[in-house]
Amino acid sequence: MSKKTEATASSNQPSTLDTTTAAKDTVTNGHTTARDLDTMSKIGDATLMHKKRDDDLMYRQVESKEHDSDSDIDDDKVRSDEELCGSLSGADRWNFILLVILYLLQGVPVGLTFGSIPFLLKAKMSYSQIGIFSLAHYPYSMKFLWSPIVDAVYNKDIGRRKSWIVPIQLMTGLMFLWLGMNIEGWMAQDQIAVGTLTMVFFILIFFCATQDIAVDGWALTLLSKGNVSYASTAQTIGLNTGYFLSFTVFLAFNSPEFSNRYFRTIPQEYGLVPLGGYLKFWAVMYLAITMWLVFMKKEERSHLDEDDIGIKAVYQIILRIIRLPHMKSFMMVLLTAKIGFIANDAVTALKLLEKGFSKEDLALAVLIDFPFQIIFGYYAVRWSTGARPLKP
């Protein structure tokens, strides 16, 4: 939504990733205030892309007015764009699936950090210690600070987005592998090393946030112009699914009670899926998908890459956008919208655990929300496209 503000000269151009951040707000029930600040995180990357594309559109509109004889050609182009919009076929369908997978990978560490780990630690940690662990969430809210760097610095031979996605996912996979071999011992200690655990997951979320910047930027060129709005649909599906797997599904299968009740005839004192094993599985998935990207997926060079703008210029664009009157009002909305919900979002689930509510039943309760998040995320894309994306 913030990226739309810069392209005021072409108000009829539909918003593409405007609903991406709105989709993220449906990912979890907790820590929504921090994720609301994520709306600003893609300014440095996607605003620049939109501005260039909108400038091209404005140039074509002026040119068509000066050359009335070419009006038939322009009408044909508009009709062809309208025909492309709303339909996924051929390469776009496979690129859409790729985006879903990349966003799903992003949702796995988010689900663990925002959901499962605080639940697993609650028995051994106080609320103040859990508050310290919540510092690991903040890279996700502050990634707009380094998003211009991700956009401007890259290797042309590898690709503008793959230059960041490939090494970030490799490091995340290796970190998952290392964490999977050590975290069981950490969790078994009577006194949890909160500082160490916070730092480890802070780094994971930093990698996740950086991957998100690159994937959001790639989505603008990976899909054809008429189907760019499907990027936010891919994010809604992928990110929610990754979070769902790492929170609801993992906590259920990690619970001895759930495993004994539904899958075992002889009760055991451990669940079907240990935390270490779960992390090792996703380490393999991260590495396998990244290798596929390296050897099988070529990043096409876009005309948007030919006229690069320096890092300093992008930060100047961000400052100009922040100073716009409508942006100031919108930032105030984001900073205050969740005040009435934050206590419930952050504390209610942990209090229910204190009162004897099992973590697996609490996790399964999220299952009720999951289909609604997917369905309304899809319709949010449809309702918020067009000349007035904020009208809904």
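Cβ coordinates are placed from backbone N, Cα and C, and glycine is handled just like the others.
For 1-35, the entry in TrEMBL reads region 'Disordered'. According to TrEMBL, the feature compositional bias 'Polar residues' maps to 7-32. What TrEMBL lists as transmembrane segment is 96-121, 164-181, 193-215, 236-255, 275-295, 362-381.
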If I count Cβ-Cβ pairs under 8 A between the transmembrane segment (164-181) and each of 193-215, 236-255, 275-295, which range comes out on top?
275-295
Close approaches to the transmembrane segment (96-121) from elsewhere in its chain (Cβ under 8 angstroms; 6 or more beyond its ends):
27-28, 30-31, 88, 129-130, 133-134, 136-137, 140, 165, 169, 172, 176, 187, 192, 197, 201, 204-205, 207-208, 211-212, 215, 218-219, 222-223, 227, 230-231, 233-235, 237-247, 250-251, 254, 275, 282, 285-286, 289, 297, 349-350, 353, 359, 362-363
Lying 6 or more residues past either end of the transmembrane segment (193-215) yet within Cβ distance under 8 Å of it, the residues of that chain are 41-42, 45, 99, 102-103, 105-106, 109-110, 112-113, 117, 121, 125, 129, 132-133, 135-140, 142-143, 146-147, 150-151, 161, 164-165, 168-169, 171-172, 175-176, 179, 186
